[in-house]
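Features of the protein shown, as given by TrEMBL:
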- 58-62, 124-130, Tyr135, Asp156, Ala259, Gly324, His386, Asp452: (6S)-NADPHX binding site (BINDING)
- Asn59, Asp120, Ser159: K(+) binding site (BINDING)
- Lys423, Asp424, Ala425, Ala426, Thr427, Gly451: AMP binding site (BINDING)
- 10-213: domain 'YjeF N-terminal' (DOMAIN)
- 224-522: domain 'YjeF C-terminal' (DOMAIN)
Amino acid sequence: MKKLMNGAQMKMIDTYSIQEVGIPSLVLMERAALCVTEAVLEKIKKTDKVLCVCGSGNNGADGMAVARQLTERGISAEVYTTAEEGKGTEELNRQCAILQKLGIVFVNDIPAGEYNCIIDAVFGIGLSRTITGRYEQIIAKINAAKDTGSLIVAVDTPSGINAGDGQVMGCAVRADMTVTFGFAKCGLCLYPGRIYAGELCVANAGFADVRTIPEIWEQAAFTMEDTDIAAFFDRPADTNKGSYGKLLIVAGSENMAGAAALSARAAYRTGCGLVKVFTHENNRTVVLTHVPEAVMVTYKDTADIKEKLAGELDWADCVVAGPGLSKSDTAKEIVAEMIAYQPKREKRLPVLLDADALNIIAENRKLLSGIAENEGSSKQYVYTPHMGEAARLSGKSIAQLKETSCESAKELAQKLCGVCVLKDAATIVSDGSRIYINTSGNSGMSTAGAGDTLTGILAGSVLAGRTQKNGKENASYEFFEKICMGVYLHGRAGDAAADRFGNAGMKAMDIADAVANVLKEN
Ligand SMILES: NC(=O)C1=CN([C@@H]2O[C@H](COP(=O)(O)OP(=O)(O)OC[C@H]3O[C@@H](n4cnc5c(N)ncnc54)[C@H](O)[C@@H]3O)[C@@H](O)[C@H]2O)[C@@H](O)CC1
Ligand SMILES: Nc1ncnc2c1ncn2[C@@H]1O[C@H](COP(=O)(O)OP(=O)(O)O)[C@@H](O)[C@H]1O
Ligand SMILES: [K+]
């Protein structure tokens, strides 16, 4: 797991390192700049011309240090700065004075086509308002240089991108690479900041260890990495299929069979021991064709459907409901029964609600209050809305949700008394307080049924790790973390499917099957 910081948290890390621990500001800066210099040297030729465009804060000071370090290594590096003599930060004034003594050239324009590489050191985490006027022109000139082929390397953040939410504050530099310090910033993992950042390189600038400072560490968002996968999906030898969970998938409707098949297949590929599909009788052949390992429980009409469902809920260790369910009266009855069933159980059943189950809840507030009353702090409900479904659940517009995705996921989790997986190109998961930002996946996953595979993978992730070598439930990961891992794994499976079939040609079933490859390789 990797922490992601916003601008304010990073400022606290800066301040703590300098004031509490006593690491001199200029030492941090030198190390930070060295990381940028090394990254640039890997990308350019010895004869290339570099321009460092520097603002008047410490981001600009970093840029000046980079100009000096590149010059030391024999690269032609010049500086353009917005800082007036003596009016920058203390560090900037110091860096500027050194450059002047070294005879480094200061220029007064950013001509397109003249420099092979431009270092964007206008704004970093100190960007505090919308960019207008002179700064807007500077950013436009950097982007114009990019269009003529200059390599753009951003220092810490692409200038104009909000480090917290990834939004463009008026305008922003379109970097080819961003060398960011200490931790990846949330805004560089969220869209559109993620695109503006280009290749992201997280550099160790020598900040003090902040793991013991809860205001920073506990509050920070996080993401998963490949190195986390194995621990979640550990599979001890002395086990049987029951050890890996009994999953009930309530999906599909009279003319919709694919969703149930995709969810079930993805669940088996994620390691579920036993998957039962509760669906309309019409879907039997399609589901079994794609997932012969599935056990089928079917219905033809609503007669005794509640009793049938209750029996299966008694059997299950986890339930997925919603993919392809439709909004028919039968579907409404199923969702209502599932919610009414929970308080009857001694131990909460993890319930993953997706697609039409979410739409049914959005249209019937009584169901929501039923969950709120029963759920308390147990948080065993997981909701997986895409932006359209989230708009219906929250009453916000899709544009609003996208601009405030972390806050929106948090609010929805609170409102729905569970874990919210707000699906998008950068999916956010929240339990109402913590924030996970997903960094896996690709545009090939914008394909019908990709969300259905997510439900199966999430269930697989919840049910994995139920066993340890002594056969007891694995308590090392919290429910919330298992959901975050499922989201990460889904994205990695999408990446593996894209490697095999390409982003355009890959389809949802490829994602389901690729989970096996990702688990095998990690
Ligand atoms: N010792 C340190 O403090 C270190 C700082 N570091 C660098 O310092 C950066 C942060 O430095 P600062 O806090 O000085 O902030 P920045 O240099 O990111 O920017 C702040 C300056 O820009 C101005 N500003 C903000 N928004 C503006 C807008 N829209 N239009 C015009 N002016 C605007 C502010 O008034 C301020 O003068 C980091 O991103 C990183 O690059 C690193 O070198 C690591 C060590
Ligand atoms: N561009 C993308 N980058 C990363 N992940 C994506 C992208 N597009 C879609 N996804 C993922 O694919 C899934 C799509 O889900 P959803 O919209 O519910 O699809 P469906 O309803 O067709 O099953 C989500 O998990 C989403 O995060
Ligand atoms: K910058």
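The backbone N, Cα and C atoms fix where each Cβ goes, and this holds for glycine too.
TrEMBL does not curate its annotations; it predicts them automatically.
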Considering only the binding-site residues Asn59, Asp120, Tyr135, Ser159, which residue has the minimal Cα-Cα separation from Gly451 (AMP binding site)?
Ser159
Distance-selected binding-site residues near ligand 1 (C-beta under 6 Å), from Asn58, Asn59, Ile125, Ser128, Tyr135, Lys423:
Asn58, Asn59, Ile125, Ser128, Tyr135
Could you find out if DSSP has Lys423 (AMP binding site) as helix, strand or coil?
strand
With the Cβ under 6 Å from ligand 3 as the test, give me the qualifying entries from the binding-site residues Asn59, Asp424, Thr427.
Asn59
By CA-CA distance, flag whichever of Ala61, Ser128, Gly324, Ala425, Ala426 among the binding-site residues is nearest to Asp120 (K(+) binding site).
Ala61
Under 8 Å by Cβ from Thr427 (AMP binding site), counting only residues of that chain that are 6 or more apart:
Val421, Asn438, Gly441, Val487, Gly491
On a simple 10 Å Cβ count over all chains shown, which one of the binding-site residues Asp120, Asp424 is most densely packed?
Asp120
Across all the protein chains here, work out how many other Cβ atoms are within 10 Å of the Cβ of Ser128 ((6S)-NADPHX binding site).
10
Rounded to the nearest angstrom, how far is the Cα of Ala425 (AMP binding site) from the Cα of Ser128 ((6S)-NADPHX binding site)?
26
